[in-house]
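Notes follow the structure.
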Amino acid sequence: MGHFAVVDYVVFAVLLAASMGIGLYYALSGGRQRTTQEFLMADRNMRCLPVSLSLIASFQSAVAIIGVPAEIYAHGTQYWFIGCAYLLGLFIPAHVFIPVFYRLRVTSAYQYLELRFSRAVRICGTLTFICQMVIYMGICVYTPAFALNAVTGFELWVSVLATGLVCTLYTTIGGLKAVIWTDVFQTVVMFAGQLVVIVVGVQKTGGVSEVWRKVWEGNRISGLDLNPDPTERHTFWTLGVGGVFLMLSLYGVNQTQVQRYLSARTEKEAVRSCYMAFPSLQLALALSCVMGLVMFARYCGENHSDKLGTAMVLYFVMDMLQGLPGLPGLFVACLFSAALSTISSAFNSLATVTMEDLIKPHFPAMTEARAILLSKALAMSYGLLCVAMAYFTHLMGDSVLQMALKIFGMIGGPILGLFSLGMFFPWANSTGAVAGLGAGLSVSFWVSIGTILNRSSGSSSLPPDCRVNTTTALQTALSNVTLSRPSGLKRFYSLSYMWYSAFNCFTVILIGLIVSFLTGPMKEEDVTPGTVYPLLGKLLCFLPERLKKKLCCVTPLGQVSLQHRQPPQCKEINGSSHRQEDRPPPEESESFLPDAHTPHVEHETAV
């Protein structure tokens, strides 16, 4: 596939050096990462622009940069419709999840679960998140290492170690500030690398009109597929509706993103950063999809069946940038930028949840110096663990994109269900929450194992010809559907991976509510103020107040009388002190959520 020239190595080295430099700068400046508040939460002092770019970088990993073009090249532009899910996938977190988390002043999203349910639910949620992120990080570390191996001849596992160690180092020494500002720098590099490949590719293929002619005649421009069949891999419904739940599991309750919201100066800045991420996410998706179309236009009519999706993208990049010194280095730097930003975000969030949810509650008297040392040790340990997980990634058979989204659906879906159960259903109790999460994870793994054991050839790629006979292609597709349509359990196992999040989320909510009612639903006065969003009260606004009260649809949040409020003083939540003066300014608050630092007096001991 060709190798790096000297200038490519220089460009690539400059990227790594810049990332390390940012980490070193924040290790030696400001508070020098001497407190857990600064190391894990960036002193809650970040502006919306760097937070929004960090939100993008945390999601737009090397998996997306390589996986999406490979998907478009093989199957056409149907995947592009996932952009429709971005709107609700960011609007709901901005107006539901961010206000609840921000006003509770938590450090870990899973502290919410203890305030709403119990410590047992919090620990279950934390362990599930750790499992999800460690597996996903294996894919994120492996993908750019595979790219570096392919274009430079570096040993694959040397590349894996280089990726993991550089990232672990600057995360460990620089904390969340270093992670967010390297994300900003790496997002710029990421967009630049993709843009260069697209521009050069269009030029070498014969111009924009020639690219359009080839992708149109090659049947790569997909129309709106409204097929309601949930077993269809990609349709408007699987991407536009199923994708909303996938986005909510990422941008609503994932600790990596919640930590960024909570690092913002004010709640308004946090909400604004969520909105600012929308156009940038659409731009990132568009660049990846256009790159896939240019790749098809360049190679239509040629047989490249010997190359897997990932290898095909890298072959295209090196073919396009051959003879242009520095540009291959820029693209590999682009891949590494995306990977480093995602991995560093995960390391920091994993260290946060382990510290706040698993260690501090058992050692409330731990000194700040020891806590910061332990936080850095945790970040480093997770870095090394994720490098080890990368070994298992190359043993899996799916495309890297599908593999990553499956993980978010399988494990992120039940986590989303757990938070939704607590936030929207006042009757849900701790027993129901644990039972729901257990059921969601069990069903999730049952479907996943069934899918692996009954693995079919999957969605077949469209033919790589520049001209496709539409009638013949349609007849072939219909005959394939007729012959291969599964039945019974096999049909259930054929559920599109884009529905995993929604299916698992609703499983958790349904089982959680059933078990809660069987074991005695939580009473309105027992729910900690600030932990329930009044969704049911708003949806059932047409009912009389008395009936809403009976159905427990009137949220307890708006009815906390003054005598139930606690005077301004310190309140201990899991060993960390939160003061009234730490609240956001009064103008940041909305009427439906009172300050979470003023719970019922009688509930204080329970919390």
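From the backbone N, Cα and C atoms, a Cβ is placed for every residue, glycine too.
In TrEMBL this protein carries:
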TRANSMEM  6-28  transmembrane segment
TRANSMEM  48-68  transmembrane segment
TRANSMEM  80-102  transmembrane segment
TRANSMEM  123-148  transmembrane segment
TRANSMEM  154-173  transmembrane segment
TRANSMEM  180-202  transmembrane segment
TRANSMEM  234-253  transmembrane segment
TRANSMEM  274-297  transmembrane segment
TRANSMEM  327-350  transmembrane segment
TRANSMEM  371-392  transmembrane segment
TRANSMEM  404-425  transmembrane segment
TRANSMEM  432-453  transmembrane segment
REGION    565-607  region 'Disordered'
COMPBIAS  597-607  compositional bias 'Basic and acidic residues'
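Outside the transmembrane segment (327-350), and at least 6 residues removed from its termini, the chain residues within Cβ reach (under 8 Å) are 2, 4-5, 7-12, 14-16, 19, 40, 54, 57-62, 64-66, 130, 133-134, 136-137, 140-141, 143-144, 147-148, 151-152, 163-164, 166-168, 170-172, 175-176, 178-179, 182-183, 185-187, 189-190, 192-194, 196-197, 200, 254-256, 259-260, 317-318, 321, 378-379, 382-383, 386.
Against the transmembrane segment (180-202), stretch 274-297 shows more Cβ pairs under 8 Å than any other of 6-28, 80-102, 154-173, 274-297. At the 8 Å Cβ threshold, with sequence separation of at least 6, the transmembrane segment (123-148) comes into contact with the transmembrane segment (432-453) through 3 or more pairs.
Between the transmembrane segment (234-253) and the transmembrane segment (80-102), three or more CB pairs separated by 6 or more residues in sequence fall under 8 Å, so the two stretches touch. Counting residues 6+ beyond its ends, the transmembrane segment (154-173) has Cβ neighbours under 8 Å at 16, 19-20, 22-24, 26-27, 33, 141-142, 144-146, 148, 179, 182, 336, 339-340, 343-344, 347-348, 376, 379-380, 383-384, 386-387, 390-391 in the same chain.
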